[in-house]
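Asker: Below, the features straight out of TrEMBL:
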type: DOMAIN; residues: 49-298; note: domain 'G-protein coupled receptors family 1 profile'
type: TRANSMEM; residues: 33-59; note: transmembrane segment
type: TRANSMEM; residues: 66-89; note: transmembrane segment
type: TRANSMEM; residues: 109-128; note: transmembrane segment
type: TRANSMEM; residues: 148-172; note: transmembrane segment
type: TRANSMEM; residues: 207-234; note: transmembrane segment
type: TRANSMEM; residues: 246-269; note: transmembrane segment
type: TRANSMEM; residues: 281-300; note: transmembrane segment
Amino acid sequence: MPCEGCMERDNKSTDATMEFLLLGFSELLCLRVLLFLIFLIIHLVTLAGNVMIFMAVVMEPSRPPMLFFLCQLSVIELCYTLVIVPKALLSLIVVDGSTISFIGCAAQMHFFVALGGAECFLLAAMSYDRYVAICQPLHYVAVMSEELCLRLAVACCLGGFAVALGLTVAVFRLPFCQSHRINHFFCDVPAVLHLACTQSYTPELPLLAACVLLLLLPLLLILTSYVCIAAALLHVTSSVGRGKAFSTCVSHLAITFLHYGCATFMYIRPKSSYSPARDKMVSLVYTNITPLLYPLIYSLKNKEIRGALRKMLRRKKIAQLN
């Protein structure tokens, strides 16, 4: 039921001229410079780490499936941070918050959800890769062919973008109240839904459906893969064999816990529990810290990535000497 003071949605003029005001961290006036420098350094380190992994994998002549998926993950993280962080940095520079157009806000939300969803599906594909490697090692090369990996990569991206498009259209068709002040540093779904002039839970249904498709479904696939892996490891008597199998999964498990922990807290809850200050801090970790940790986790825990990085640095050193 629309609330009093809702804005009339005139498709001829309103959407073209309408703007939202991203308040960002306007309440932290004394910490603006410090936060800007911290976020800028984190952003640059994140970009450098993901670019290094991407270049190392691209320069590797023979790419096993895990390296292929890690390369796609690095590309997703690069795009993910570029969609969110520059606007967040701008909100720290502008004292009264930064404005974003109706179309710009919708585009930012769409790409944010699409890239996050593609990452969820990609984590499920990576868990299937680990399942085949541990439970069917003799058939690994035949099953995880280059064609299958490419199909899985395309399906992950298309699935994320399709669900994100439906969610974005559903959110931005809602009537918004006259206050267009988004108490956030980007157009996150709960923050925009908080402006909707509705008193029912109907607007939350598209978000719930998106959570089922982008979070719950891939999580069930990941859990199924690891249940099968755990069952297979019960039949392995060698502690060395179990340790080797676990080492191939630990980096993927760490990133899965990071990604799903923050995403579940942010989106699987009712609109009534929305808290701008708390959500901004969790989003800060979700959009800045976790993308920084991904390259570190994989470069430290994955021997294939370590080998590819060493080869890339060795080639660079030889080229400098020549």
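Glycine is treated like the rest: Cβ placed from N, Cα and C.
Bear in mind that TrEMBL entries carry predicted annotations, made automatically and left uncurated.
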Asker: Grab the same-chain neighbours of the transmembrane segment (33-59) for me: Cβ-Cβ under 8 Å, and only residues 6 or more beyond its ends, written as numbers and ranges.
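Answerer: For the transmembrane segment (33-59), the list is 25, 67-68, 70-71, 74-75, 77-78, 81, 85, 88-89, 92-93, 288-289, 291-292, 294-296, 298-299, 305, 308-309, 311-312, 315.
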Asker: Are there residues at least six beyond either end of the transmembrane segment (148-172) with Cβ under 8 Å to its Cβ atoms? List them, or say none.
Answerer: 65, 68-69, 72, 102, 105-106, 109-122, 125, 128, 189, 192-193, 196, 203, 206-207, 209-210, 213-214
Asker: Counting only residues 6 or more past its boundaries, what in the same chain has a CB within less than 8 Å of a CB in the transmembrane segment (66-89)?
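Answerer: 22, 24, 36, 39-40, 43, 46-47, 50-51, 53-54, 57-58, 60, 98, 100, 108, 111-112, 115-116, 118-119, 122, 125-126, 129, 133, 146, 149, 152-153, 156, 185-186, 287-288, 291, 294-295, 298, 302, 304-305, 308.
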